[in-house]
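The block underneath contains the structure these notes are about, expressed in structure tokens.
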Amino acid sequence: MTKIQSSLPHHTALSVKSVTLRGILFATLAMCLAVTASNVLVQYPFHWLGLEHILTYGAFIYPFAFLVNDLTNRRFGPQAARRVVYAGFTAGLAVSWWLASPRLAIASCTAFLLAQLLDIAVFTPLRHRSWWQAPLAAAFAGSVLDTLLFFAIAFAPAFSFIDMLTHAPDQSIALHTQMLFVSMPVWLSLAIGDMGIKILFALFMLLPYRLLLGLIMPPAEKEQQAGT
């Protein structure tokens, strides 16, 4: 971006910087909204079709965070994407600490930060390949890591020491349930259900990703793709 701007007239370079700044600010706002909504809704099981033991409403919102991350990375690069992730992390920490227990806040923010940074690490080397490869691979890797980290830290008895250190009631879920004729902890069944929805949504998110990509790509890159 710097090399391109240096060869442009001054007013054009300022215009490019303005567009970049507005784009990153919009992405930051979108990320904060997605993280805030997800952190609130993850506390509510999905009481339909008997899925309350394997699914929460947060699973339907969180994939939008990966969409925002991937579009930011594709348009403005990994450095800008990391800034957006850090902003989302800050918003998520504030909301989670206010609305939830310290343990849920730690679980949510740890899972979000590491999963989104993994998304960037997977997406970046694939960003100039076929348009669908990078977002699909990155969202899959990030969703798996995010789900396992969040539900383990938030509800597995092994992490009950967080509640003890913060003088909060133990939020561990020690109950077991049956899933596909296999007995497992309820927190793990919730994680599996949540992960399945997130991976399914990662496939659905390819459509808005492709549509929005066509709107945010620079004209020069659009012409380059059209010629290939």
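Residue 1 is the first one shown; counting continues down the chain.
Even glycines carry a Cβ here, placed using N, Cα and C.
Bear in mind that the values here come from a model prediction, so they are computed numbers and not experimental data.
Residues of the same chain lying 6 or more positions beyond the ends of the transmembrane segment (21-42) and with a Cβ under 8 Å from any Cβ of it are 56-62, 64-65, 68-69, 71-72, 75-76, 80, 83-85, 87-89, 91-92, 95-96, 99-100, 108, 112, 150, 216. TrEMBL lists 21-42 (among others) with the feature transmembrane segment.
If you look up TrEMBL, you'll see 48-68 (among others) marked as transmembrane segment. Residues 27, 30-31, 34-35, 37-42, 84, 88, 112, 116, 119, 135, 138-139, 142-143, 146, 177, 179, 186, 189-190, 192-194, 197-198, 201-202, 204-205, 208-209, 212 of the same chain sit 6 or more residues outside the transmembrane segment (48-68) yet have a Cβ under 8 Å from a Cβ within it.
Under the heading transmembrane segment, TrEMBL lists 80-99 (among others).
For the transmembrane segment (105-124), the residues of the chain that approach it from at least six positions outside its boundaries are 35, 39, 42, 65-66, 69-70, 73-74, 78, 81-82, 85, 88-89, 92-93, 96-97, 134-135, 137-139, 141-143, 145-147, 149-154, 159, 162, judged by C-beta separation under 8 angstroms. Per TrEMBL, transmembrane segment is recorded for 105-124 (among others).
Taken from TrEMBL, the feature transmembrane segment covers 136-161 (among others).
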